[in-house]
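Database features (TrEMBL):
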type   : residues : note
DOMAIN : 15-128   : domain 'Schlafen AlbA-2'
Amino acid sequence: MLTDDEIARLFRDMEADRAERKRNFKAAADKVRQAICAYANDLPNHRQPGLIFIGQEDDGSCSGINVDDELLKILGGLRSDGLILPFPVMSVTRREIDGCTVAVIEVSPSTQPPVRLDGRTWIRVGPRRAIATAEEERRLTEKQIWQNLTFDARPCADASLDDLDLHRFETEYVPSATSREIQRENGRSTEEKLRALRLISRDGRPTNAALLLLGKEPREYLPGAYIQFLRLGGPELVDPILDQKEIGGTVPDQVRQVEELMRLNLRTPAAIGGAQRREQPDYPAEALDQLIRNALLHRTYDSSTMPVKLYWYSDRIEIMNPGGLFGEVNPETIWRDVTAYRNPFLAEGLKSLGVVERFGYGLTKARRALKANGNPPLATQFEPNYTLFRVEPAR
């Protein structure tokens, strides 16, 4: 974090390449996102935050905008709306500098470059802000601080490129993770693309995220990477098992298979409401979808061989994943859409593939779907080594 004096100095320095100025956010939203991406990449290697002043003209004068709480909330949401990946480290504050009221976005250099906005890598060198060339992307990739990477970004010691479905990578992942312009101009090899998208290490070993997203047999290296499904004939675990399955494969494959399985197990009795007859499921599919995706994304993959458990009792559904709440997320902040990712590279891949539509809103969507369907509120149990969600049928 910069000091007040450092921020004021950059506010006054019209030549500083670590500061940009925008009259307002609404007219410059795309350029603000590009600047966040560029400062996160820090191609010049300043190793210092970059600033974006909202409410300052290019000549340094005040634009006179209203910097209210709503604007600060919108700007803060740029961090986790899923357009800039990996998530930038940034803060947003309201400040009075030289008689101007401005919103200040402070963006720290990423430890996981290249950072992309909608599949494009933006950089800034001096006055130039542009999309990175292949050589500039290579330089950013070399800047990665591997020793600080999360488990999903670390290379799997025993895996090789032969363990990845490279056809799927080229036909599904690359088109969804990069822009069309880059695809048209890109003459790089498959291995170079994998490295640019942070799916293999410098020496060509797949990361754990790559195995979870594109692996031929992820469980060979990550034995807990599957879903255990049980359908029980009563309210206790000792009751007769009506159906059981182990759902493996990549995380996107697991999502597709388990969502199909859950829909096969939904009951939709007819409900009479006033003069109309309507079909109401015992559980809303949307809520179950969000909860299972949440479990697969936020679970621990490195310290547990336990699978995600989906136990469907006669009177409830329980979804449990190994791993407690992570980072700044706690039992209170989790309902305020506070996000922290144990597996940020897996999250990036799932977003690119369309498995996750928007970060930080899955549990909110689940609660709303349950309420709209007439189900009791979502019950939770947060422990240091696991997280459990309990859903009861509609009444």
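Glycine residues also receive a Cβ, built from the backbone N, Cα and C atoms like all the rest.
Note that TrEMBL annotation is computational and uncurated.
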Model confidence over the domain 'Schlafen AlbA-2' (15-128) (mean pLDDT, whole number): 94
Three-state composition of the domain 'Schlafen AlbA-2' (15-128), taking helix and strand from DSSP: 27 helix, 39 strand, 48 coil
